[in-house]
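Here is the structure we will look at, set down as structure tokens.
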Amino acid sequence: MGNHRSDLKATRRWVVKVGSALLTANGRGLDTGCIQELASHIARLRNKGYTIVLVSSGSVAAGMERLGWRRRPRALYELQAAAAVGQMGLIQAYESEFQHHNQHTAQILLTHEDLANRSRYLNARSTLRTLLRLGVVPIVNENDTVATEEIRFGDNDTLSALVANLVEAELLVILTDQEGLFDADPRHYPNASFISEAAANKTELDGMANSRAGALGRGGMITKIRAARRAARSGAITVIASGKEPKILQRIASGETVGTLLWPDRQPLAARKQWLAGQLQTKGRLWLDTGAVKVVREAGRSLLPIGVLACEGNFARGEVVSCLDSDAREIACGLVNYNAEETRRILGHSSHQIEQILGYVDEEELIHRDNLVLL
């Protein structure tokens, strides 16, 4: 299994995610003391040679305070307005604190569309890597002002994992208001067992996360487990720990047994396949027969039309589609070589029949293995 805590000592490129529960004072407004301490600890690590990207929530809560709202609004446009107002205060607070340590910050606001589009994804990656090379602390948040409910990341746990993929971080630290992961919610089940370490893809974690007692903080246990799995695709270790613990970042860096460590238990994906695996929404779905599931999953081969039973959605050539088994479990996703209408016509047929059916043939494969990633 290896000494994963000891491995933390060698990490130098981090993504640190901090949630609203830590940053807000009693759920409203920003906790300036927390921001001050967080900036101080990050600055100290950076002075020791660490490069750190900070993914920070808190804009809506900060905006509510500035607008004098006592209750969190339900309407999306009001939440977006609060986020727009609050993001100013959030960045001002971070900039002020980091300036005390003679360190510059940069604001990066991302949407799902920024990372779903390959060109914009590469641009975001280049910008983040350039900022790190220049010694700047990038502060990342979801661009709530323009994101719609249908295409949101949904939580900054997910965003932080995708950022970890972008910058090829060695470690993702998720700071929450709990000490780590439990097999049940310790606030309701006092006898819940603490999980110190586990493989990120350990199947038993799914059962814990899907149980009613599986909540952790506001994002929930399931989002943190999924984030660890996403981060693991680029080889990153994830530590989920309490941001209320003193000097928590320094203690993690020293290899101390704090929080829950989830280590990557699969080979890292190539950069292009990391992008594919990071797609939160797909344009369509393909149902595969048993034989196709086996060759895709076990042999790593391309998906041929003959192995597809059904097709759902309205997608164009080159868009991302999901591949499902007979139980509707998503096993893979990839860039499809034919549009939805063409796919419906050729599914279930051999590749040599494509030209006879369509009158032309672009590719023999419905999804080439180079554009297909297992999930």
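The backbone N, Cα and C atoms fix where each Cβ goes, and this holds for glycine too.
Database features, via Swiss-Prot:
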type: BINDING; residues: LYS17, THR176, ASP177; note: ATP binding site
type: BINDING; residues: SER57, ASP144, ASN156; note: substrate binding site
type: DOMAIN; residues: 283-361; note: domain 'PUA'
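Taking the features listed in Swiss-Prot, we show where each one sits on the structure.
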residue : record                 : DSSP (3 states)
LYS17   : ATP binding site       : strand
SER57   : substrate binding site : coil
ASP144  : substrate binding site : coil
ASN156  : substrate binding site : helix
THR176  : ATP binding site       : strand
Seminar exercise, completed: Fewest neighbouring Cβ atoms within 10 Å among the binding-site residues ASP144, ASP177 goes to ASP177
Problem set entry | Residues within 8 Å of the SER57, ASP144, ASN156 Cβ centre (excluding the substrate site residues themselves) | SER20, SER56, GLY58, SER59, VAL60, ALA83, ASN141, GLU142, ASP155, LEU159
Problem set entry | Farthest-apart CA atoms of SER57, ASP144, ASN156, residues recorded for substrate, distance in Å | 11
Exercise. Where the record says LYS17, THR176, ASP177 bind ATP, what is the longest distance in Å from one Cα to another among those residues?
Worked result: 12
Seminar exercise, completed: Excluding its own, the Cβ atoms lying within 10 Å of the Cβ of LYS17 (ATP binding site) add up to 30
Seminar exercise, completed: Whole-Å Cα distance, ASN156 (substrate binding site) to LYS17 (ATP binding site), is 7
Exercise. At the Cα level, what's the spacing in Å between THR176 (ATP binding site) and ASP144 (substrate binding site), rounded?
Worked result: 21
Exercise. Using Cα coordinates, what distance in whole Å links LYS17 (ATP binding site) and SER57 (substrate binding site)?
Worked result: 8
Problem set entry | Residue pair ASP177 (ATP binding site), ASP144 (substrate binding site) - Cα distance, angstrom, rounded | 23
